[in-house]
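What Swiss-Prot says about this protein:
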COMPBIAS  287-297  compositional bias 'Polar residues'
COMPBIAS  300-314  compositional bias 'Acidic residues'
DISULFID  Cys90-Cys169  disulfide bond
LIPID     Cys445  S-palmitoyl cysteine
REGION    213-331  region 'Disordered'
SITE      Asp97  site 'Implicated in ligand binding'
SITE      Ser181  site 'Implicated in catechol agonist binding'
SITE      Ser185  site 'Implicated in catechol agonist binding'
TOPO_DOM  1-17  topological domain 'Extracellular'
TOPO_DOM  81-90  topological domain 'Extracellular'
TOPO_DOM  159-174  topological domain 'Extracellular'
TOPO_DOM  400-408  topological domain 'Extracellular'
Amino acid sequence: MSGPTMDHQEPYSVQATAAIASAITFLILFTIFGNALVILAVLTSRSLRAPQNLFLVSLAAADILVATLIIPFSLANELLGYWYFWRAWCEVYLALDVLFCTSSIVHLCAISLDRYWAVSRALEYNSKRTPRRIKCIILTVWLIAAVISLPPLIYKGDQRPEPRGLPQCELNQEAWYILASSIGSFFAPCLIMILVYLRIYVIAKRSHCRGLGAKRGSGEGESKKPQPVAGGVPTSAKVPTLVSPLSSVGEANGHPKPPREKEEGETPEDPEARALPPTWSALPRSGQGQKKGTSGATAEEGDEEDEEEVEECEPQTLPASPASVCNPPLQQPQTSRVLATLRGQVLLGKNVGVASGQWWRRRTQLSREKRFTFVLAVVIGVFVVCWFPFFFSYSLGAICPQHCKVPHGLFQFFFWIGYCNSSLNPVIYTVFNQDFRRAFRRILCRPWTQTGW
């Protein structure tokens, strides 16, 4: 088609057309850039190379296709007020629109099921969670989306006469298809995701309560409260003797040589117990100055900081004695290691690195899994908020077309809010996930740092 041959009143003023075109052009560019960044981050970052993150690559690809094949033609149709392009392309364009939208929400549904299986059948499912298996699931997702989106291309239904005037490209108005596609593309996957995430929450809550119960049980089974003695070392801790190699270092730095500690254990919570107090600021990070004592660190301080502490749990310095806290910290010899827990407990030993390293690694993995599950819950929530108004009003028009039809302007607004969702996932990853933040920073800053600009 070459355009209209009759007088046509533009739907928007020149100023409104320029503003809308600028905003949607920015949306297109931002969507392509952000989702391309997500794909690069997953494919190049070691911390994001888990097989399940292939779901995010496929989801980002669907959003890029929306930005390149759907939104530009929707913008032209909106600003011109008629369909400028070929009639055959209108049918393909509508089918692709449904395909990409359905693919996005079925991806989210598959991701939520993947998280549920990983939580409920951790050992069994994680051994089967291979890249090949994830790719097969992704292929199934696209096939489901194709089955839902292709019927209008195959079955034309009752051919209505072409309206006189300018050509239009409108959504399918067959009531059966509206209801079937809305249920298959949105409402059924939404219901599945809500039920699955409720189940994940119940499992996580139960696991948390079980962990607290085990912690209380182990606390009751321990020896009685340590009694301070003259030397300041509790006498009730029945652990193997660990001799601190720091006394000679303390003497060399001008500190009086402290009495040899015969027994080491958990830091007592009794404020009167003076051996290794919880407020011991013995583990500063280089380049960051002194931080809070280990007793001030709790699980409520946030997962980001927790993981950084976990990954950097190899200490650099340790004072020679409790009295030397106010003095500059001493360099710890390489022969001993320190294990600092979130409750402020400090354990010294020469061979704790291997066993504790596995524990810290497991803790880091669980922390990352928990954060990632939260991020995906936010992604799903934002998707539902963006697309629910459109699918609700679209279905309402099929159920009672005479009395429940939504005004055209409001329906178009809901339509464009749904498109905006394609640009939001990279923002969500950046705000809520530090692994993506690090990967984005590395991708964006590396060319500048290498060229010296």
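Glycine residues also receive a Cβ, built from the backbone N, Cα and C atoms like all the rest.
Rounded to a whole value, the Cα-Cα separation of Ser181 (site 'Implicated in catechol agonist binding') and Asp97 (site 'Implicated in ligand binding') is 12 Å. Taken together, the residues of the topological domain 'Extracellular' (81-90) have an average pLDDT of 89.
Taking Cβ pairs closer than 8 Å, the topological domain 'Extracellular' (400-408) reaches residues 175, 393, 414 in its own chain, all 6 or more past its ends.
When the recorded positions Asp97, Ser185, Cys445 are ranked by how far their Cα is from the Cα of Cys169 (disulfide bond), Asp97 comes first. If you take the Cα of Asp97 (site 'Implicated in ligand binding') and the Cα of Cys90 (disulfide bond), they are about 10 angstrom apart, rounded to a whole number. Neighbour density at the Cβ, taken as the number of other Cβ atoms within 10 Å, is lowest among the recorded positions Cys90, Cys169, Cys445 for Cys445. All chains included, 24 other C-beta atoms sit within 10 angstroms of the C-beta of Ser185 (site 'Implicated in catechol agonist binding'). For the topological domain 'Extracellular' (400-408), the DSSP-based tally of helix, strand and coil residues reads 1 helix, 0 strand, 8 coil. When the topological domain 'Extracellular' (81-90) is classified with DSSP, helix, strand and coil residues number 4 helix, 0 strand, 6 coil. When secondary structure is read from DSSP and collapsed to three states, Cys169 (disulfide bond) falls in the coil class.
When secondary structure is read from DSSP and collapsed to three states, Asp97 (site 'Implicated in ligand binding') falls in the helix class.
Counting every protein chain shown, 21 other Cβ atoms lie within 10 Å of the Cβ of Asp97 (site 'Implicated in ligand binding').
Here the CA atom of Cys90 (disulfide bond) lies 20 Å from the CA atom of Ser185 (site 'Implicated in catechol agonist binding'). Recorded residues Cys90 (disulfide bond) and Cys445 (S-palmitoyl cysteine) have their alpha carbons 42 Å apart, per Cα-Cα distance.
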